[in-house]
Amino acid sequence: MAAAKSVVLVVISCCLIAASNAQNIFSPLMLGYYNRPGICKQNPEVIIQQIVNGSVAADRTLAAGLLRMHFHDAFVRGTEASVLLKSPNNDAERNAIPNLSLRGFEVIDAAKAAVEKVCPNVVSCADILALAARDSVVAIGGPWWPVPTGRRDGVQSHASETTDLPPPSANFTQLLSMFQKKNLDKVDLVALSAAHTIGRGHCGAFSSRIYDAAGNNAIDPTLDAAYANKLRGFCPPRDTVTTVEMDPNSSLNFDSHYFQAVLAKQGLFKSDAALLTDAGARSLVQTGASAPIIFKSQFGFSMTKMGKIGVLTGRPGEPPSQIRKQCAFVNP
């Protein structure tokens, strides 16, 4: 027993060390970028955390919204806050179908306004979103992970590019391919899928698993029949508005229950069930279900890694970037 605990502690330590050194591996970002002497008169990370904590305390569901927004930002153009931009022609990322249900924009705007009062024109919206996602997860009992900062904000946002987002209907091959294009691997895929332990999903995103095209009672064989019947009670045929918990009875707490649900064939989406179709991914799901401490450490490491996709730091050869004054608009 003692030996087993030692192995677990070694694995966790390795994950945490890897996470703390990640800024040296993946990008030129750095921990505490804004806390250096002469940058800001107050630590903006503390201000952001206070805004997020207050928002999540008032509405616990915002944690899932902020985490999802960070993921959707990272997978389209990288973590440069393009998902926050509005468009007069309604053709920005936030206008695309996968993003119409994003929540938490007001939290980011409030954090930006508060930070601008003490540190104007310095803190990027991209960094605020990355920090807010982390702080929101911590606020509901999830893991803390290091968020290196120093990102700049992009100046473009196109709804057409949201095809980079993994759809809930994706099979494992499709999921892994989309993650690998972002320099994420199978371990990251399984760990980040567990973000579905919080939040809700629209009936339309999984209706094909509980009804056929004609609206008949045809259950996806990879879905537990009793769970499917329960879902039908919430979701009539062709209902695209109603939402249900993605992790049954545990959608407001960040825990490893998601993996237990997947193993019980109660993953809400096809993409959840797909994790069991690959031997390596299935093994990782089983580990996540039985070793929540290891899962939370890996989730944090994978989030740090995801937060460095496509960052803009003003280096030569990068696309144009800036520090936006308002997160929803490019500076004039």
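In case you wondered, yes, glycine gets a Cβ from its N, Cα and C as well.
Features of the protein shown, as given by TrEMBL:
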type	residues	note
DOMAIN	28-331	domain 'Plant heme peroxidase family profile'
DISULFID	Cys40-Cys119	disulfide bond
SITE	Arg68	site 'Transition state stabilizer'
ACT_SITE	His72	active site, proton acceptor
DISULFID	Cys125-Cys327	disulfide bond
BINDING	Pro166	substrate binding site
DISULFID	Cys203-Cys235	disulfide bond
Distance, His72 (active site, proton acceptor) to Cys235 (disulfide bond) (CA atoms, angstrom): 25
Per-residue Cβ crowding (10 Å cut-off), top of disulfide-bonded residues Cys40, Cys125, Cys203, Cys235, Cys327: Cys125
Spatial separation of Cys203 (disulfide bond) from Cys327 (disulfide bond) - C-alpha basis, Å: 31
Nearest of the recorded positions (Cys119, Cys125, Pro166, Cys203) to Arg68 (site 'Transition state stabilizer') - Cα to Cα: Pro166
Local Cβ density at Cys119 (disulfide bond) - other Cβ atoms counted within 10 Å: 17
Secondary-structure category, per DSSP, in which Arg68 (site 'Transition state stabilizer') falls: helix
Cα-Cα distance linking Cys119 (disulfide bond) and Cys203 (disulfide bond), given in Å to the nearest integer: 43
Cα-to-Cα gap, the residue listed as 'active site, proton acceptor' vs Cys125 (disulfide bond), nearest whole Å: 14
Inter-residue Cα distance where the pair is Cys125 (disulfide bond) and Cys119 (disulfide bond), in Å: 13
